[in-house]
Amino acid sequence: MSQPAFKIIIVGCSVTGLTLAHCLDKLGVEYTILEKRSAVVLQEGASVAVMPNGGRILDQLGLYDAFEKATVPLDLTDAYLPDQDFRFTSDYPRRVLATFGYPVAFMERRGLLEILYDGIADKSKIHLNKGVTHVEQNDDGAKVHTEDGEVYEGDIVVGADGIHSKTLREMWRMMGEPVVNGIAQSESQNMSVAFSCVFGISHDVPELQPGEQILRMCNGSTIFVMGSKGVVFWFIVTQLNRRYEYHDAPRYTTEEAAAFCEARKDAEIKEGVTFECIWRKQHVFNMLPLQESLFQTWSHGRVVCIGDSVHKMTINLGQGANCAIEDVTVLCNMLRAFLAEKREKKPSYSEIDTLLRRFNKEHLPRASTIVETSRLTTRVHAQVGISQRIMTRWVVPYFGKFLQGKPLGLIASGPVLDFLPLKRASYPGWERYRVKKSSRGAGFWITAFLSLSLLAVAATMYGWGNSQIWADWNIL
């Protein structure tokens, strides 16, 4: 009698969960998706950035063409500092496209979900209104129980259910972890909330062109505005009055969000354009606390969590969805090799536990680098601290082109699916900027970046600004 097919239960029909489904389809691995909501695509007012490291994986899966047709690449970024008379223009988005063959581009989150959902051949594998109540596992497999009394069985349970992940909390329960105020005691220092964000989408704003990006850095807040096809995506990220924990983070009503925006309608976005020009054309908006987290333990037994459930960052770096897509990529690469080795033999509980622990250990440093870089970027944009103010006023405007190696390296060092061909591998930036693995983590590079900032100020003072040495360094 043949063994039943190896099967994965995905909790969450998110960008993460649907990307995983596409990868499993390519691998020929059975799966079921459980989604607690009544629809896959809902209008929530959120947009999502797809960077080259995420875009090339979507391209491997045959999904990028639809995304590319629906978006406009960012071209130049006009950055304004609190001093209204000081601004500079960065060609970083343009350089990203030339370097990797993929642009920085935004679209509505629901639009990306539609692309991912439409690409699923067998939609009967997706089950809506399936809120998870509890998970159990043993030597024979895993069972996921839902609110309607149904039970779904598989070999691995993957939590792709976001920041408030039920799967993660079930994993903590099975580990015997004490949970205090919604977070495992051992992870309590690994999540905090220090910023809020109002994000919105406006239609028909003629003052802003497709591909135009404006970054308005203020003391304690940042305004982002990106023009696309007939719409404008915008965010206002604001530092909170203190650092909050998960359970006591502020929650905002629609009325509070509207009042927040009304109070800022006179804020200048660019010459002749105030925030009111965008706000009065808003189609949808929302206000949320921005959690920042990097949990250390992602798996236990047959259960593994990925995406926002284990690492969450602010929107400033634009890597949230891309980091989740990378999680899927690394997990599926390891799963492919694992199942090929097992052939027809059913993997044991211990073997699966070892596989998922190895995934956690090997991918955690990459996720940590992205989360820490995002954390620094957010504070630089909001002018939090003297070092950050020095960086934005004296370093980036004059030396930004020479310091782009680090963010380009962050993109180039992302993983790819090792069982599908690359579509735009010929672009030289992937190899040129790829960072070799080393013991130097994000903390080292952040310290180096701040140190170089001070050195660059000295260089400006002493007239070194045009020296070729800065171009040759290209380390940050």
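Each residue, glycine too, has its Cβ placed from N, Cα and C.
Note that the structure is predicted; figures quoted are calculated from it, not measured.
FAD binds GLU35, ALA49, ARG109, ALA321 as Swiss-Prot records it, and from the list ASP25, ASP65, ASP122, ASP308 the residue named for this site is ASP308. Look at ASP308 (FAD binding site): DSSP puts it in a helix.
The maximal spread of the FAD binding site, taken as the longest Cα to Cα distance among GLU35, ALA49, ARG109, ASP308, ALA321, is 23 Å. Each residue contributes its Cα atom, and for ALA321 (FAD binding site) and ASN190 (N-linked glycosylation site) those atoms are 20 Å apart. Long-range Cβ contacts of ASN190 (N-linked glycosylation site) within its own chain (separation 6+, distance under 8 Å): SER293, LEU294, PHE295, GLN296. Counting Cβ atoms from all protein chains shown, ARG109 (FAD binding site) has 21 others lying within 10 Å of its own Cβ.
The shortest Cα-Cα distance between ASN219 (N-linked glycosylation site) and any of the binding-site residues GLU35, ALA49, ARG109 is the one to ALA49.
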